[in-house]
Amino acid sequence: MLNQTSVTEFLLLGVTDIQVLQPVLFVVFLAIYIVNVAGNGVIMMVVTSDPKLHSPMYFFLGNLSCLDICYSTVTLPKVLKNFLSIHKTISLLGCISQLHFFHFLGSTEAMLLAVMAFDRFVAICKPLRYTLIMSHQVCTQMAVTIWIIGFFHALLHSVMTSRLNFCGSNHIHHFFCDVKPLLELACGNTDLNEWLLHSVTGAIAMGPFSLTFLSYFYIIIYLFFKTRSCSMLHKALSTCASHFMVVVLFYAPVVFTYIRPASGSSMDQERIIAIMYSVITPVLNPLIYTLRNKEVEGALRRVIRRRL
């Protein structure tokens, strides 16, 4: 039996309701989006065009850059439009679609960061078997697997959310459609949806985070007992520093948003945290990787010389 809903569209209240700030925020968010697309696009171009970067580490980095561009594109164009628009509505179908792709790309990135940590673990702790363990076929299979898992994880939330009855207010206290704000507008019982959000999404977030943490912990322990040299330990960990920064910037706000109980934070806090992982983190990734990675810098210079 199909579920009937009286609400056919929602009103996104946005980042702030202060009208004088809307044009300023439009310029700021537009600049961030342009830097995000340009920076991650350059990384994708360099990784695919430079033969010296055809390795598992940069294969996954290319995937991360692709995810970051798509991740921001799910929300930012609509946010930018709403900054300059009087009618800030989104259809029910558009809202569910945005929710789906947001969780699809977000959960895929969470798992990809764990795969990248595993790649660094194998490279440092199993160097003689690295090419065998992280072959091109294995890397491709791992990438395809996490994209598929991310898609079905998001499909679970989008299907379950679309079955809810929205018969009251249609005002979403957020700048994009997400599960938690929509659950607050639902008229029926949302216990199952909340359980799925905290358990399934929690597992998608905490599982890769735990694997990432264990990978770095094992790397430190392995190098400490293997070399007993602070200089070699520092050199090896410096190759992982940029990845670790990305992990912290991504997981910290995600855990805060989806693991904490809904009563533990206000809507303003939710929006600020959402800006961190959906807007700020994707634009910082290319800066972190290029500023701290001499191989990427060298490849970028070679690409520029070829273009000139």
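Cβ coordinates are placed from backbone N, Cα and C, and glycine is handled just like the others.
Remember, TrEMBL labels are computer predictions, not curated facts.
Record features (TrEMBL):
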type	residues	note
DOMAIN	39-289	domain 'G-protein coupled receptors family 1 profile'
TRANSMEM	20-46	transmembrane segment
TRANSMEM	58-80	transmembrane segment
TRANSMEM	100-118	transmembrane segment
TRANSMEM	138-156	transmembrane segment
TRANSMEM	203-225	transmembrane segment
TRANSMEM	237-259	transmembrane segment
TRANSMEM	271-291	transmembrane segment
Cβ-based contact of the transmembrane segment (100-118) with the transmembrane segment (20-46), 3 or more pairs under 8 Å
no
Restricting attention to the domain 'G-protein coupled receptors family 1 profile' (39-289), give the mean pLDDT.
85
